[in-house]
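Undergrad: I have a structure I would like to understand better, so I am pasting it below and will then ask my questions one at a time.
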Amino acid sequence: MDVLYSLSKTLKDARDKIVEGTLYSNVSDLIQQFNQMIITMNGNEFQTGGIGNLPIRNWNFDFGLLGTTLLNLDANYVETARNTIDYFVDFVDNVCMDEMVRESQRNGIAPQSDSLRKLSGIKFKRINFDATSEIIENWNLQNRRQRTGFIFHKPNIFPYSASFTLNRSQPAHDNLMGTMWLNAGSEIQVAGFDYSCAINAPANTQQFEHIVQLRRVLTTATITLLPDAERFSFPRVITSADGATTWYFNPVILRPANVEVEFLLNGQVVNTYQAKFGTIIARNFDTIRLSFQLMRPPNMTPAVAALFPNAQPFEFHATVGLTLRIESAVCESVLADANETMLANVTAVRQEYAIPIGPVFPPGMNWTDLITNYSPSREDNLQRVFTVASIRSMLVK
């Protein structure tokens with residue numbers, strides 16, 4: 001894997017810097033690295049593809065070295081270099097695609113394609129060895145079963161979940177109380193509602209709670225907490241739990257009271273925040289518990305009192321909500337996040353070449369299915385294919 005990265009980095013630098021008019025002295029070190037790559041690759045043969053509709057391609061390396069010059073690089077020099085660069089880039093692209101479409105239930109962190117296995121040989125270590133990138137460093141750590149650490153921006157840690165629970169229900173669905181939520185990606189939105197605005201509740205207060213268990217532990221997380229859930233702030237028709245009918249939800253938004261957020265690890269509370277909104281942090285956690293209250297306003301103007309009558313019918317439905325958004329965090333496992341396109345790259349290649357469903361990944365690389373059952377085998381394979389996708393993105397956008 002590190003050799004593949006070094007190949008890509010050398011080719012990217014060569015493609016960007018070996019251009020007509022450049023002083024040779026400015027790129028002499030790069031050309032030496034480029035020539036070392038050619039010397040190492042010459043005389044070797046590789047084969048890629050042969051899975052799904054990914055075509056079999058044979059690769060043979062027999063290229064001349066780039067020479068020296070005291071002057072600027074001319075058009076002939078650059079054209080010769082460009083022909084070599086294009087062939088190598090095409091080769092790296094196909095090695096990456098060949099690797100991205102393969103999976104294994106055992107040792108999925110290791111190269112799975114014949115071409116990448118061959119590149120892992122000791123003879124290729126002379127190719128401008130460079131393992132300074134974060135993703136290569138983490139791949140090497142995972143390969144040695146040492147602790148990794150990935151920094152994510154808006155990590156897709158929550159499987160998609162959208163539903164509701166009713167704590168009070170009537171056959172006519174005209175006086176309900178309960179909770180509804182939407183968990184997806186890096187965000188939780190949860191709302192508590194009471195059609196009667198807590199008129200008969202103790203102290204005219206309804207208590208709500210929402211617990212979310214993560215599939216992986218997050219550390220040093222920066223989080224935004226807001227006293228609102230905008231996705232539940234407009235009217236909607238909701239299908240009943242048994243699917244037999246529908247009920248109407250017409251929210252009027254109140255501010256949640258006595259808000260408490262707990263971050264837990266293995267059942268133990270690590271961080272607690274009470275009525276603190278904006279930016280908060282959590283050290284390490286695998287569970288989030290949100291609790292909040294809906295309190296009937298003790299004093300209301302006539303206009304507000306008309307919204308919340310003392311008896312049915314309840315045309316407007318008192319609602320309070322919270323939004324919790326993970327802005328950044330560190331995780332030992334690889335995840336999709338807002339800064340990367342690796343999941344999209346891997347999925348696109350697998351779809352384009354009609355790769356058959358394998359023993360590890362869910363059909364279509366569906367992220368909710370993948371993260372819901374994030375097994376060690378999936379973790380290993382995902383880190384490998386994401387690493388390869390990152391390397392490929394250096395050359396192919």
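Each position is counted from 1, following the chain as shown.
Placement of Cβ uses the backbone N, Cα and C atoms for every residue, glycine included.
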Undergrad: Under Swiss-Prot, which of the candidate ranges 26-37, 62-73, 158-169, 230-241 is annotated region 'Interaction with the inner capsid protein VP2'?
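TA: In Swiss-Prot, residues 62-73 carry the label region 'Interaction with the inner capsid protein VP2'.
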Undergrad: Give the distance between the Cα atoms of His153 (Zn(2+) binding site) and Asn266 (Ca(2+) binding site), rounded to the nearest whole Å.
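TA: One finds 24 Å between the Cα atoms of these residues.
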Undergrad: Taking DSSP three-state, what's Asn266 (Ca(2+) binding site) in: helix, strand or coil?
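TA: SS state of Asn266 (Ca(2+) binding site) = coil.
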Undergrad: Tally of helix, strand and coil residues over the region 'Interaction with the inner capsid protein VP2' (62-73) according to DSSP?
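TA: Secondary-structure breakdown of the region 'Interaction with the inner capsid protein VP2' (62-73): 0 helix, 1 strand, 11 coil.
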Undergrad: Please list residues from the chain of Asn266 (Ca(2+) binding site) whose Cβ is under 8 angstroms from its Cβ, counting only those at least six apart in sequence.
TA: Asp286
Undergrad: Comparing the binding-site residues His153, Asp286, which residue's C-beta has the most other C-beta atoms within 10 angstroms in this structure?
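TA: That would be Asp286, with the most Cβ atoms nearby.
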